[in-house]
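For reference, the structure is listed below as structure tokens.
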């Protein structure tokens, strides 16, 4: 046991060592420049240089300037709070299990409930973002789910515990508003970086809560509360934190660079879209469905591991509760640099190879993550399991960042729903994985982890079929018909809508997305007059 403890302490600090090694690289590309976008930048009163849509063409992580960087910090902090609340229970499960007399099936069902609630909530959130804006949609959902976190402290049965985890899990749909918000604030050359860091630092809450909750529990227990009372009081901390972030997003946030949706709709600067049209263009775009499937086996796997990993090390290697929490935290804390690294890698590769590079690197990283997951289930030593888990966490989370380097380009008109479909796919993957491999006693946890790795590899294969006619795919270049970015994005608007000028934002986005042609890949020609051939 003493050897185990020594190995745990040394392995636990590996993510932080990797972070400092990575930090030098991390600070260099926060200002990624693209010549095509620079030529389109306009002089405004914004603190950051912007493109023709007033989206920032630079990403300055230490800035809090409005609206771009303030929106970034509000989005990741609010999403972080939702992750803390949703996964506050797993690190305390050994105590909660004894207090509520939970069986392994009860625990598995509650874990499934925590991630299943957000499946449809994420799709609904995407629609809400498209129609009402990310600020209102995000703050409303965060505030609505706060009572469920508070009510966790008075649960007294397996059913009530399942219900509070189910309703708390709805808050994870704020991931969609986070990615939508970043895609609305940052231009094509840095959108992968912005999405990756916002999503990664938000997901960091899944690791942080593995440390926070045992610590809060221990402090309350030492003050004098018995352990069955202490865990209940501990849930007031994530609930209060989540409520504060909801108010911060509502009062300090801004939907778009030029203002909130309500203001832009009233002034006529933004077209108030029809929900059915937005939905139609999302569900008929096969690329969104493929990304939803593959995201189910990077982010979905991450959610699954957040639910099972602390109890896995506690039961299999006989470590104490605090140590199991530290090990589990190291998986989630890798989001500090791994998911942001995936987003930045997507942008870096795109500068040279365009969209084809983004797709290739996504497939490679996620497939390697699957192989590492298979290996994790086969390792039998504590130190070996921790080491493999840490490397696996980097690839798994980087794949999440890489996915949302592609998502913003699937659709301009239906960006919110495409983001919601992809995010919802992550939760569906988590639900299916937990139902198949980690519910009941059909498989041991280590066998379930191995099978989960095989599913990652298999469900990543459809990435090979993603193809953009203006940019190409993994194995084929752009269409020989000479289709342009304008051709692709204008298909989402009918003739009458174009006559009314509703398509102007998509036209600007098409122009700004020409950077996805890359420097080494032949792409469609640019129309001389900027008018698409429809």
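Backbone N, Cα and C define each Cβ position, glycine as well.
Features as listed in TrEMBL:
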{"type": "TRANSMEM", "residues": "12-32", "note": "transmembrane segment"}
{"type": "DOMAIN", "residues": "71-471", "note": "domain 'Major facilitator superfamily (MFS) profile'"}
{"type": "TRANSMEM", "residues": "74-95", "note": "transmembrane segment"}
{"type": "TRANSMEM", "residues": "107-124", "note": "transmembrane segment"}
{"type": "TRANSMEM", "residues": "136-155", "note": "transmembrane segment"}
{"type": "TRANSMEM", "residues": "162-181", "note": "transmembrane segment"}
{"type": "TRANSMEM", "residues": "201-221", "note": "transmembrane segment"}
{"type": "TRANSMEM", "residues": "233-253", "note": "transmembrane segment"}
{"type": "TRANSMEM", "residues": "359-379", "note": "transmembrane segment"}
{"type": "TRANSMEM", "residues": "385-410", "note": "transmembrane segment"}
{"type": "TRANSMEM", "residues": "417-437", "note": "transmembrane segment"}
{"type": "TRANSMEM", "residues": "449-468", "note": "transmembrane segment"}
{"type": "REGION", "residues": "510-534", "note": "region 'Disordered'"}
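Among residues of the same chain six or more beyond the transmembrane segment (359-379), those with a C-beta under 8 A of the stretch's C-beta atoms are 294, 297-298, 301, 342, 345-346, 349, 353, 385, 388-389, 391-392, 395-396, 398-399, 402-403, 405-406, 446-457, 460, 463-464, 466, 473-474. Simply put, out of 107-124, 162-181, 201-221, 233-253, 201-221 has the most Cβ pairs sitting under 8 Å from the transmembrane segment (74-95).
Nonlocal intrachain contacts for the transmembrane segment (162-181), taken as residues 6+ away from its ends with a CB within less than 8 angstroms of a stretch CB, comprise 71, 75-76, 78-79, 82-83, 85-86, 89, 106, 109-111, 113-118, 121-122, 124-126, 128-129, 134-135, 137-138, 141-142, 144-145, 148-149, 151-152, 155, 195, 198-199, 202, 242, 253, 255, 404, 407, 415-416, 419-420, 423, 426-427.
Outside the transmembrane segment (201-221), and at least 6 residues removed from its termini, the chain residues within Cβ reach (under 8 Å) are 75-88, 90-92, 95, 174-175, 178, 227, 229-231, 233-234, 237-238, 302-303, 306, 310, 321-322, 325-326, 328-336, 339-340, 397, 400. Cβ atoms under 8 Å from those of the transmembrane segment (385-410) belong to residues 7-8, 11-12, 14-15, 18, 179, 183, 188, 191-192, 195-196, 199-200, 203, 285, 287-288, 291, 294-295, 298-299, 301-302, 305, 309, 313, 317, 327, 330-332, 334-335, 338-347, 350, 355, 358-359, 361-362, 365-366, 368-369, 372-373, 375-376, 379, 418-419, 422, 426, 466, 468, 513, 516 of the same chain, restricted to positions at least 6 beyond its ends. Residues 287, 290-291, 293-294, 296-298, 301, 304, 312, 355, 359, 362-363, 366-367, 369-378, 406, 409, 429, 433, 436-437, 443, 474-476, 478, 488, 516 of the same chain lie 6 or more positions beyond the ends of the transmembrane segment (449-468) yet place their CB under 8 Å from a CB of it.
Here the transmembrane segment (107-124) has long-range neighbours at 86-87, 89-90, 93, 97, 141, 158, 161-163, 165-173, 175-176, 300, 303-304, 307-308, 311, 417, 420-421, 423-424, 426-428, 430-431, 434-435, 438-440, meaning same-chain residues at least 6 beyond its ends whose C-beta is under 8 angstroms from one of its own. Residues 70-71, 74-75, 77-78, 80-82, 84-85, 88, 92, 134-136, 138-140, 142-143, 145-146, 149-150, 152-153, 171, 181, 209, 212-213, 216-217, 220, 225 of the same chain lie 6+ residues outside the transmembrane segment (233-253) yet bring a C-beta within less than 8 angstroms of a C-beta in it.
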